[in-house]
Every structure is written in structure tokens, then in C-alpha cells.
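Read through the structure below, which is laid out as C-alpha cells, and then see the notes.
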Amino acid sequence: MTKQIITLVGRPNVGKSTLFNRLSIRKKAIVHDLPGVTRDRKYTDGKIGSFEFLLIDTPGLDENPNSMGERLIEQTTKAILEADLICFMVDGRSGILPDDKLLSSFVRKYNKPAILVVNKCEKAFDFDKEYYKLGFDSMIAISAEHGTGLIDLYDEIIAKLPEEESIETNIADPIKGDCLQIVVSGRPNAGKSTFINALINDERLLTGPEAGITRESIEIDWQYKNNHIKLIDTAGLRKKSTITESLEKLSASDTINSIKFANTVILMIDALAPLKQQDLNIASHVVNEGRSIVIVVNKWDLVKESEKEAFQEEFYYQINTHLPQVKGIPVLFISAINKQNIEQVLDACLKIYKIWNKKITTSKLNEWLNFTTKAHLLPLQKGGRRVRVKYMTQTKTRPPTFKLFSNNPEKITDSYTRYLVNNMREAFDMPGIPIRFIYVKTKNPYV
């Protein structure tokens, strides 16, 4: 039995994202008092009491004649078509506005089961005739922020959905096993959402020429070559000095948080915008968090054929110069809008994810250590004794982390550590991922 789908619809700033977070098993949506914060439809597992369902949050719709408004309507229409039940939300403080009337007509034409949810009702609330004129036979007053009225909402949802579907325990999602979480990050307008839409063949994410369309992290469950993948589209990261709007600060922190919990990060670069320090800063942040990384240069179709070879040479030089700690990062050149080379990106993610999870036996590690330290001797200490690394073992994966036991670890230089790490990459085929060494002092410094 699949989960029932409930879609939240309403004009901007009526509290859809607040209710989405309230019903979600974990918080997902950015909440802000600026209209239009949500710009894509977002999915999460929701729960009220014992009833579990799939919840969709939609962009706030208003009378907007520009292309952005048309795309918001398209996103909401798709979410309505997917729904088993619609919660049409209005603001109880401001009352019924002209946009509410237009939207209610828009929703009712699809003949879906629907509930009018009047939000921001912290006090006792009486429905006047304006609410009845919207044409919904079920009306509930709630405060999503404070959680009041949710029991009434639960009862109304159960009444609206087929009993055998809603009351029974829902079977978990059919996709099982490890989930590879891939975060797509980069500067604004690099083509992150276009890339994800091309991969899944669905206009799930709002795209367009306006920089900063995606304002929060959007998660999409997907399967690729029998692998369960969660694709996460993030807001574009700008330099801190250029982030002035408070909502964008929230979006930036949401993106950074997504990177922290990712397995692999796709760093999207705009081929028409030169590689900037901010791109390198994002890559360094990913590496410092211990994530695996794939660099993708998008809009490759817009680069002149005569300039591509020189572009690639300069690009590889910049990456190798500024990110020496992760030599061998996969770099792919794609056109998301033309779907050129996009599957190669997923293949690279699967490959580097495998390396990121690599486990090396202790015997092989110490055989390698003995050979490598003899090929390039460690420095001498005072008194003529040589620094030694006696033994090493792998303590964890994701990223591969190793403990090395030395008689005097303080004397091991950063350059010698880089020598060991780079040698390990080649010996054990571990390109493009962070490798961490932890030095531990042996009890007997003379051993």
C-alpha cells in the first residue's frame, strides 16, 4: 500500500511551510515572513498521530504576470495532480483576499478532495460568510506555528481519505538499502536545478535566467542503476560579503547544513563565468567536511569549440593548484539543458562514493607504510635518532581515516604528511577524496 499524498496550496505567506515543518518527520522548509520563500514543490514524509503520508509543499501563488509566476503555477498544478487530498490554506489574520478567491477557483476545478485550512488562528475563530464563499465543504482553523487545531485537522483528513488507505499502517517506501545523498551546490545560476530536472526527466525544480531562484534545499528520491539516490538541490552560495538579504542568509546556512550531511557533493560551475575564489571556497568547505566531491562544468555547449582545449587546460591547472589536498577530483563538462554527459556525472558520483567508503586491511597498510617511509626517510631528531612511524591502522571510512603511531609525531612535517597521502592515493587507487591522518605518540619514544 502506497502512502497517500497531501498537497498544501495557498497564496504567499499564509504559513504553508510552517505547517509543512509541523507535519514533517523532520524540518525541511525555510520559514520567513517574506512572501514567496518557497519556489519549488517539496516532498517529505509527514505524520499526524498514527497516520503517515507523503506531504507536498507548493510555491505561493499570486497574480504575477512574469515568467516566474507562470512557472510557479506549473509547479503547483503538478502537485495538485499528484494529490489525494488538498489543504487549501488562507491567513486568518488578514481574512480572505482577492488572490485567495482566484486560487480557490483554480484548485476546485480539479475536483480533488479538499479542506480549507485557516491558519494563524491563535484565538477562538468564527468562520464568516467570506470563507464559505470559497466553495469548500470542510473548514478547519489552526495555528501551524503553535500546533493548535491539528487534532481537528487530523480528523478531517481521515474523513476525506478512503478509510482503508488512511488508517492502516503504511508500508515504507519501496526503495531499500543504503541511500546515496548527493548535494548539488555552487554559485547562483550555475544550472543546478536544470541539471536535476534533466536527470529525472521532470520539471520538479523551478528554473530560469533569474539568479537565486532556488532559495532552500530541495530533496528528491530517485533510483539510478538500482541505486537509491537522494538528490538535493541547494540555494546558490555567494560570498559572505554579498549576502545582505536575511532570507538569503538562511538559504546559505541551509545549503551549508546540507553539505555537512551529504555523501557526495556535485560542485556546479558555470562555463561562462570564470572560476572564482568562491567556487574554490565551496570546494574547500566540502573537503574540510570530509565529503567526496565531483566538479561539473555546465553550459559547455555555449563555449566555442576553438576555445575548449585551452579552457580545460586552465581549469585543471586552477583545480590542481588550489585543491592539492584532494588530487584527482573528477571533473566533467556537461550541458544540462541539452542533457549532454549528464549520466557520466552520476557514474562519477557512484565511483567516488565507493572510494570514499574504502576499507584497507591493516596488513596491506603496514606493508605500504614500511616501503614508503624507507623510500623517503623521516627527519632526524636531536641526538641523531630518526623519527619513526611504527604502525598504522584504518579507524573509519567516509572519509578514510588512519591512525599512525610514531615515536615523535610533532616532528612529522606537513610536507611529509602530503607525501604519504599522495603516495597512498596512487598505491590504493583513492583519487579525489579527503584522506585523514591522525598521529598518535607511542608510549616508548625509543621504539
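Just so you know, glycine gets a Cβ as well, placed from its N, Cα and C.
According to Swiss-Prot, the feature domain 'EngA-type G 1' maps to 4-165.
According to DSSP, THR58 (GTP 1 binding site) sits in a coil region rather than a helix or strand. Residue environment of THR58 (GTP 1 binding site) contains 27 other Cβ atoms, counted within 10 Å of its Cβ in all protein chains. As annotated by Swiss-Prot, GTP 1 binding site applies to 10-17, 57-61, 119-122.
The feature domain 'EngA-type G 2' is assigned by Swiss-Prot to 180-357. Across the domain 'EngA-type G 2' (180-357), mean pLDDT in this model comes to 80.
Taken from Swiss-Prot, the feature GTP 2 binding site covers 186-193, 233-237, 298-301. Other Cβ atoms within 10 Å of the Cβ of TRP300 (GTP 2 binding site) number 20 in total over all chains.
According to Swiss-Prot, the domain 'KH-like' annotation covers 358-443, on the basis of sequence analysis. Mapped onto DSSP classes, the domain 'KH-like' (358-443) shows 35 helix, 22 strand, 29 coil.
Around the Cβ of GLY186 (GTP 2 binding site), a 10 Å sphere holds 26 further Cβ atoms from the protein chains shown. The Cβ neighbour count for CYS121 (GTP 1 binding site), using a 10 Å radius and every protein chain shown, is 20. GLY186 (GTP 2 binding site) carries a strand DSSP state (E or B).
Note on proximity: among ASN189, LYS192, THR234, TRP300, the binding-site residues of the record, the Cα nearest THR58 (GTP 1 binding site) is that of THR234. Closest to GLY10 (GTP 1 binding site) by Cα-Cα distance, out of the binding-site residues GLY186, ASN189, LYS192, THR234, TRP300, is THR234. Using a 10 Å Cβ-Cβ cutoff, GLY10 (GTP 1 binding site) registers 27 neighbours.
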